[in-house]
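Trainee: Structure provided below as structure tokens; questions to follow.
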Ligand SMILES: *Cc1c(COP(=O)(O)O)cnc(C)c1O
Ligand SMILES: [Zn+2]
């Protein structure tokens with residue numbers, strides 16, 4: 001498994017064994033000397049690199065900061081995050097027809113999505129850089145997480161949201177945690193362009209997943225997932241299935257795997273297949289995989305009920321596509337109807353997720369039915385956000401409330 005190689009040759013720019021490297025041209029940069037998001041030479045994506053990569057044995061403690069040996073700092077602005085459950089879902093496993101199915105529920109983080117793992121690291125870096133104002137564009141969860149971690153850090157936060165396209169729970173969070181909420185008349189991709197322009201003018205520190213430090217925090221999902229699966233099952237999963245929007249998490253998964261291989265904790269044979277799922281109305285990454293293209297083409301019009309993955313131009317595609325290919329994985333698109341069915345399937349096992357999260361299970365089911373996934377596979381699906389994030393979607397997918405009289409006999413009659 002190569003493609004994006006991790007060199008441990010320390011460049012001059014390194015600070016205490018940490019530096020930034022451009023994945024396109026290889027340029028290296030000092031990590032905390034100046035605010036930088038993309039390569040000054042070629043505008044390529046940056047990746048955080050280290051002089052060494054730790055083995056599983058070097059991790060201790062709890063949550064995201066258990067993995068401090070693989071992060072740029074020992075501790076961060078923490079609420080705390082991580083330590084999310086790796087559910088067994090026996091009926092769903094049986095129904096889908098794989099050897100093992102576990103669900104890593106990232107909705108159980110402090111603000112209800114995996115974005116918290118990126119923010120605990122990202123806001124720590126913001127402090128290191130001495131910036132005053134934090135900002136992000138968001139389909140909702142990034143803004144909820146940024147608002148909470150910014151509040152905790154005592155920093156001003158600015159969130160740019162596509163007007164009318166963000167689920168109620170997420171806006172409520174950003175609002176109560178005191179972010180300034182700017183509703184843009186456009187889609188997520190437009191919001192990102194505006195906030196990037198603000199960041200380039202030095203008006204705010206950008207904490208979208210274009211920021212390479214966010215992905216460092218999100219790597220810990222997969223360290224935790226692999227450790228947990230191995231502890232329970234005595235082996236590593238064959239496949240990890242996850243929803244993809246900007247494909248930051250897909251990129252973080254690939255980086256976690258490369259680091260563990262580099263450290264010697266995983267062999268090439270242990271490496272799970274990275275399997276990304278998008279909604280049919282918003283599937284530029286799937287299109288790039290299916291057509292064997294090196295880059296994604298922007299979709300100007302994106303539609304799906306799974307608002308967290310309603311993204312037409314996945315910024316992390318150059319990091320994610322090589323990972324999907326290098327691990328023998330794939331990408332698949334599912335309908336909104338299949339997403340809602342999967343949301344119900346998970347809910348029936350007691351696991352409450354928002355629509356985007358359920359895309360992972362819908363994708364697995366589709367790939368199992370088409371024979372891409374074998375019956376003897378050990379699979380982990382990632383569910384990225386909590387049911388309460390999008391109460392309207394949950395209510396629409398669930399049972400209808402039944403009006404009854406205020407009387408026990410009448411209620412019994414009604415029950416039949
Ligand atoms: C952000 C988010 C995603 C998409 O993650 P990417 O890293 O952008 O691919 C999926 N699901 C939920 C619930 C999210 O909040
Ligand atoms: Zn470059």
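Note: Cβ is positioned from N, Cα and C throughout, glycine not excepted.
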Trainee: Checking feature assignment: region 'Disordered' per TrEMBL, candidates 371-393, 394-416. Which range matches?
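Mentor: Matching range for region 'Disordered': 394-416.
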Trainee: Kindly state the mean pLDDT of the domain 'Tryptophan synthase beta chain-like PALP' (77-385) in the predicted structure.
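Mentor: Computed over the domain 'Tryptophan synthase beta chain-like PALP' (77-385), the mean pLDDT is 97 on the 0 to 100 scale.
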Trainee: Could you list the residues of the same chain, at least six apart in sequence, whose Cβ is under 8 A from the Cβ of residue 384 (pyridoxal 5'-phosphate binding site)?
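Mentor: In sequence order, the residues whose Cβ lies under 8 Å from that of residue 384 (pyridoxal 5'-phosphate binding site) (at least 6 apart) are 106, 107, 113, 114, 141, 242, 243, 249, 308, 353, 354, 356, 357, 360.
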Trainee: Please report the number of other Cβ atoms within 10 Å of the Cβ of residue 115 (N6-(pyridoxal phosphate)lysine).
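Mentor: The answer is 34.
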Trainee: Helix, strand or coil at residue 384 (pyridoxal 5'-phosphate binding site), per DSSP?
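Mentor: In the DSSP reduction, residue 384 (pyridoxal 5'-phosphate binding site) maps to coil.
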Trainee: Between residue 246 (pyridoxal 5'-phosphate binding site) and residue 115 (N6-(pyridoxal phosphate)lysine), how many Å separate their Cα atoms?
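Mentor: Distance between the two Cα atoms comes out at 12 Å.
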